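S.K.: Dumping the structure here so I can ask a few things about it.
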Amino acid sequence: MNPNQKIICISATGMTLSVVSLLIGIANLGLNIGLHYKVGDTPDVNTPNVNGTNSTTTTIINNNTQNNFTNITNIIHNKNEERTFLNLTKPLCEVNSWHILSKDNAIRIGEEAHILVTREPYLSCDPQGCRMFALSQGTTLRGRHANGTIHDRSPFRALVSWEMGQAPSPYNAKIECIGWSSTSCHDGISRMSICMSGPNNNASAVVWYGGRPVTEIPSWAGNILRTQESECVCHKGICPVVMTDGPANNKAATKIIYFKEGKIQKIEELTGNAQHIEECSCYGAKEVIKCICRDNWKGANRPVITIDPEMMTHTSKYLCSKILTDTSRPNDPTNGNCDAPITGGNPDPGVKGFAFLDGENSWLGRTISKDSRSGYEMLKVPNAETNTQSGPITHQVIVNNQNWSGYSGAFIDYWANKECFNPCFYVELIRGRPKESSVLWTSNSIVALCGSKERLGSWSWHDGAEIIYFK
């Protein structure tokens with residue numbers, strides 16, 4: 001190629017590139033002008049387009065045009081603004097037996113995996129589903145710090161929660177608050193959790209709401225300020241919580257504290273016939289909250305607190321039925337007592353328990369053994385709340401008497417798509433010390449069941465771990 005041809009070739013190439021660049025520039029200018037006017041057509045350029053994707057999430061797309069660049073940002077936002085406070089208007093569902101809901105097998109799994117040492121477990125639900133809760137000991141079953149976890153109170157305990165059905169581990173547990181006594185409940189908008197911590201003679205409570213500490217409560221009697229060890233219940237934003245401070249074997253100071261969004265609305269001293277209150281198991285229906293508690297001082301029959309959350313008032317009495325449900329307890333008497341404790345039982349002064357009191361649809365839970373925390377059974381006892389002669393008409397074994405049980409408590413999925421509130425309960429399956437002293441730890445697994453209108457058979461849902469494998 002001679003020099004003239006080279007010049008012509010280079011010139012043609014340059015002109016071609018110039019034309020292409022010009023066309024690209026024109027296209028870019030047109031695109032930016034078009035986008036500018038498209039955004040400008042809306043009344044407010046900062047107003048996002050909202051596209052609902054499901055009942056719990058919203059996708060927000062923000063279109064912002066600056067300096068001829070268009071940025072599109074996708075934000076996933078929980079639709080808390082569309083939630084409303086839980087309203088306890090429904091009745092309890094009819095229950096003829098109990099079906100299995102969940103079993104975490106924590107001790108069996110912990111023989112090999114990293115599973116937290118826990119006790120005082122419970123379940124609590126929210127609009128998204130149900131979670132398991134427990135007070136962690138800040139160590140695992142195979143950890144050396146598991147030695148001494150038989151003790152209830154230490155600076156290392158925390159209320160943790162995890163997905164229902166899983167075993168609690170350092171990898172799936174969420175810390176709700178720090179302490180050695182707890183309760184937690186959801187009001188339909190956000191969760192309130194309360195933890196007690198500190199020394200026996202000067203403990204305090206910290207109230208969390210929406211993931212932040214909101215209120216602190218000091219000890220009022222200087223003797224182990226403590227609370228329910230299972231879920232509280234809310235109605236129209238008001239969440240009553242039962243707390244006790246004082247002796248475990250004598251008259252103590254119990255208060256019902258009414259919270260809204262973690263802030264105290266009212267405090268009531270315990271009134272009525274109940275003489276000692278600890279570890280209440282509460283549920284709600286028909287705009288009333290009922291708490292079935294533990295009389296650790298005198299009664300083998302359980303005290304009952306009935307709360308009107310709208311009026312923020314309460315009354316207390318004892319479960320009238322002759323079927324005694326605390327442990328330890330004497331043999332069932334000929335007559336119950338609505339107004340006073342029925343004494344007797346040896347050696348343990350009591351255990352956390354529950355009942356669902358709904359006229360003919362009433363159910364009581366108790367250990368099968370009257371002397372120790374072994375076995376567990378559910379008894380349908382019509383009118384147990386009001387009739388001193390009431391006895392069982394239906395019986396279902398939950399844990400056979402050859403296996404350990406422990407605390408038990410009530411919970412309900414108040415957001416389930418039903419015409420009624422279906423009663424549910426859990427049983428703590430304690431393993432390790434003091435009954436099994438060949439290991440250094442004390443921990444538990446959990447089994448949970450819910451009501452069924454069908455008549456289902458019994459089975460033993462015991463823990464099932466072989467302690468010999470931990471040696």
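Note that Cβ sites are derived from N, Cα and C of the backbone, with glycine treated the same way.
The transmembrane segment annotation in Swiss-Prot covers 7-27. Per Swiss-Prot, region 'Involved in apical transport and lipid raft association' is recorded for 11-33. The region 'Hypervariable stalk region' annotation in Swiss-Prot covers 36-89 and rests on sequence analysis. Residues or ranges marked as N-linked glycosylation site by Swiss-Prot on the basis of sequence analysis: ASN51, ASN54, ASN63, ASN68, ASN71, ASN87, ASN147, ASN202, ASN403. The feature region 'Head of neuraminidase' is assigned by Swiss-Prot to 92-471. What Swiss-Prot lists as active site, proton donor/acceptor is ASP152, and the listing cites sequence analysis.
Set these features in their place in the structure for me.
M.R.: Predicted-model confidence for the region 'Involved in apical transport and lipid raft association' (11-33) is 66, expressed as mean pLDDT.
With a 10 A radius on its CB, ASN87 (N-linked glycosylation site) counts 14 other CB atoms from all the protein chains. DSSP gives ASN87 (N-linked glycosylation site) a coil state; it is part of no helix or strand.
Annotation for ASN147 (N-linked glycosylation site): spatial neighbours LEU440, TRP441, criterion Cβ-Cβ under 8 Å with sequence separation of six or more.
Within 10 Å of the C-beta atom of ASP152 (active site, proton donor/acceptor) sit 15 other C-beta atoms, taking all shown protein chains into account. DSSP assigns ASP152 (active site, proton donor/acceptor) to coil in the three-state reduction, placing it in neither a helix nor a strand.
Note: ASN202 (N-linked glycosylation site) has non-local neighbours PRO218, SER219, GLY222, i.e. same-chain residues 6+ apart with C-beta under 8 A of its own C-beta. The secondary structure of ASN202 (N-linked glycosylation site), as reduced to three states from DSSP, is helical.
DSSP classifies ASN403 (N-linked glycosylation site) as strand under the three-state reduction.
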S.K.: If you skip the near sequence neighbours and keep only those at least six away, which residues in the chain come within under 8 angstroms of ASN403 (N-linked glycosylation site), Cβ to Cβ?
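M.R.: Once residues fewer than 6 apart are set aside, ASN403 (N-linked glycosylation site) is near SER374, GLY375, LEU429, SER460, HIS462, ASP463.
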S.K.: What whole-number Å value do you get for the CA-CA distance of ASN87 (N-linked glycosylation site) and ASP152 (active site, proton donor/acceptor)?
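M.R.: That comes out at 35 Å between the alpha carbons.
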